[in-house]
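Scroll down for the structure; my scribbles are underneath it.
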Amino acid sequence: MYTSHEDIGYDFEDDPKDKKTLKPHPDIDGGWAWMMVLSSFFVHILIMGSQMALGVLNVEWLEEFHQSRGLTAWVSSLSMGVTLIVGPFIGLFINTCGCRQTAIIGGLLNSLGWVLSAYAANVHYLFITFGVAAGFGSGMAYLPAVVMVGRYFQKRRALAQGLSTTGTGFGTFLMTVLLKYLCTEYGWRNAMFIQGAVSLNLCVCGALMRPLSPGTDGDDPEGKEPHVLPAHSTESVRSSGQLGGAEEKGGGPGTEDSLGDMPAQACHEKAAHRKDMCAFRVLKTVSRLTMRVRKGFRDWYLGYFGTASLFTNRMFVAFIFWALFAYSSFVIPFIHLPEIVNLYNLSEQNDVFPLTSIIAIVHIFGKVILGVVADLPCISVWNVFLMTNFTLVLSIFILPLMHTYAGLAVICALIGFSSGYFSLMPVVTEDLVGIEHLANAYGIIICANGISALLGPPFAGWIYDITQKYDFSFYICGLLYMVGILFLLIQPCIQIIGQSRKKYIDGANV
C-alpha cells in the first residue's frame, strides 16, 4: 500500500525497545498540514479548474477544424478521462518516487502537453498532445495532492478535503475568464501556450508536498546524502604517513631521486581513490533505486490483486459502479453549456455572467458547507453524500426543460452546490476501506470517474449529431446516474438480508 505508519502520521520511537510505541506526528491536523491544503488547492485550480473551462476551447476547436461535435468533444473528454483513469497506475509512481517527485514530474508533463497543443494541425493531433500527454501529467499531479491531504489530517479530514477541492470551483471561474480573454486577445493557440507556462506552477505545488516523516516518500533520513570520505581518506593518510616515515629514516642525500617521484605517486593514488568512490556511489544509488522500484511494484500489485484485494469488499465494488456513471453528469454541462447557450440565443446574457461560472462559484460554497456538515458528530457522512447525489440527478433531469437564462442559472446553481459531494468522496472511501487502503482505493474510484468523464461528453455530442438536441443526452446520463445510486442503496440491503439469513440458519441449527 502507499500508506504506512509514517504516512498516516505516526513515528516509531528511537529506542529499539519501544518499537511498538507510536507517537502522533506534530504536523497532523496543524502546522505544515495547512500548507498541504494550500498546495492541493492550487493543484485543483490548475488541473480541475482548467479542465472544467475547456468548453471555451471546445467552441474554438469547432470553428477551427470544422469537425463534428462528437469527435471534437473527445479532446476535452480524453484530457479529463486520462487524468482520472491513470489513478491506479500513478500509485506505482507514488510507491517508487514518492508524492513530491511524482507531482513535479506531472507538472512538467502537463505543461509540455499544453505547449505542444498550441501547434495542432487537426483534432487528431490534440488527442495525443492534449488528451493523452497533458492528461497523464495532470493525473500525476492530481492524485498526490488528494492523498497527501488525507495523510496530514485525521480529525478534520472532511473539512480539509472540502477546502482543498474548492480550488476546482475557483479554478473553473478564473480559468473560464482567463481562457476567454486570452482567446479573444491572442487566439486559442497563443492562449494554450500561455496556459502551458501557467501550468508550471504545478511543480511548485509538488515541491510543497513534504513527507510526514524522515525517510517517507523515498527521501533519505533527515534529507542527507550518505557520508562519503573525502579524497584524503585513511588510505591516503596511511600512504602519506609511510612516505613521511621513509623520509625520516632515509634522510641521506641518496633519497632525493625517490622523493622526486612521491608527489606523482600520491596524485595517482588520490585519482584512483576518487574513481573507486564514484563507482561505489553509482552502484549504491542504482541498488537503492532498484530496491525501491521492486518494493513499490510489489506493494502496488498486492494492493489490487493480492489476498487483501479491495475487490473483495462488496460495498466498495458497488461504490465503483456508482463512480462509473456519476461523473459524466457533472462534466457534460461544463463541456456543452457554451454551445447550448448559443443554440438558445442567450450568448449576450451568458457573456455577462457565464453559466459555468455560476456552477463554479456555488460549487465552492457547496464543498465547504458539506464538509463542515459532514464533520458534525450527529450527522452521517453517507446520508449527506446520498442526499446530494439525489439532488444532482434531479437537476440533470430538469436542465433540458429550461430555455431561459434565469431558469438555467437556477439549475446550474443546484448542480454546483450538490456536486460539492466530491469533497466527501475521500472520506466515504476511507469509511469503506480504512486509512491504510485509502490511496489504492481512491485511485480506483477516480479511475472509474475518468471512464465516465471520457465517454460522457462524446456521447452527448453524438446524441446531438443524431437528434439535433442535447435533451436526450441529459436524460440518458441522468438515468445511468440513478442506476449507480441504486447500486449504493441495494448493496447494504443485500448485506443486511444475508446477515439476517445467516443468524436464522445458525439459530435453527442450535
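Residue numbering: from 1, along the chain as shown.
A Cβ is built for glycine as well, from the same backbone N, Cα and C atoms used for every other residue.
Features as listed in TrEMBL:
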TRANSMEM  32-54  transmembrane segment
DOMAIN    36-496  domain 'Major facilitator superfamily (MFS) profile'
TRANSMEM  74-95  transmembrane segment
TRANSMEM  102-121  transmembrane segment
TRANSMEM  127-147  transmembrane segment
REGION    215-263  region 'Disordered'
TRANSMEM  315-335  transmembrane segment
TRANSMEM  355-374  transmembrane segment
TRANSMEM  381-399  transmembrane segment
TRANSMEM  405-428  transmembrane segment
TRANSMEM  440-460  transmembrane segment
TRANSMEM  472-494  transmembrane segment
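Three or more CB pairs closer than 8 A are found between the transmembrane segment (472-494) and the transmembrane segment (315-335), so contact between the two stretches is assigned (pairs 6 or more residues apart).
Only sequence-distant pairs (6 or more apart) were considered; of these, at least three Cβ pairs between the transmembrane segment (355-374) and the transmembrane segment (405-428) are under 8 A, so the stretches are in contact. Sequence-distant neighbours of the transmembrane segment (32-54) (same chain, 6+ residues past either end, Cβ-Cβ under 8 Å): 75-76, 79-80, 83, 103, 110, 138, 141-142, 145-146, 148-149, 152-153, 160, 163-176, 178-179, 195, 198-199, 201-202, 205-206, 208-210, 331, 334-335, 356, 360. When each of 74-95, 405-428, 440-460 is scored by its Cβ pairs under 8 Å to the transmembrane segment (127-147), the top-ranked stretch turns out to be 74-95. Proximity of distant same-chain residues to the transmembrane segment (440-460), defined by a Cβ-Cβ separation under 8 Å and at least 6 residues beyond the stretch ends, is recorded for 1-2, 70-71, 73-74, 76-78, 80-88, 90-91, 142-143, 146-147, 150, 300, 303-304, 310, 316, 319-321, 323-329, 331-332, 335-336, 425-426, 429, 432-433, 470, 473-474, 476-477. Counting same-chain residues at least six beyond the ends of the transmembrane segment (74-95), those with a Cβ under 8 angstroms from any Cβ of the stretch are 2, 47, 51, 54-55, 57-58, 61, 101-102, 105, 123, 126-127, 130-132, 134-136, 138-140, 142-144, 147, 295-297, 299-300, 303-304, 327, 331, 335, 439-440, 442-447, 449-451, 453-458.
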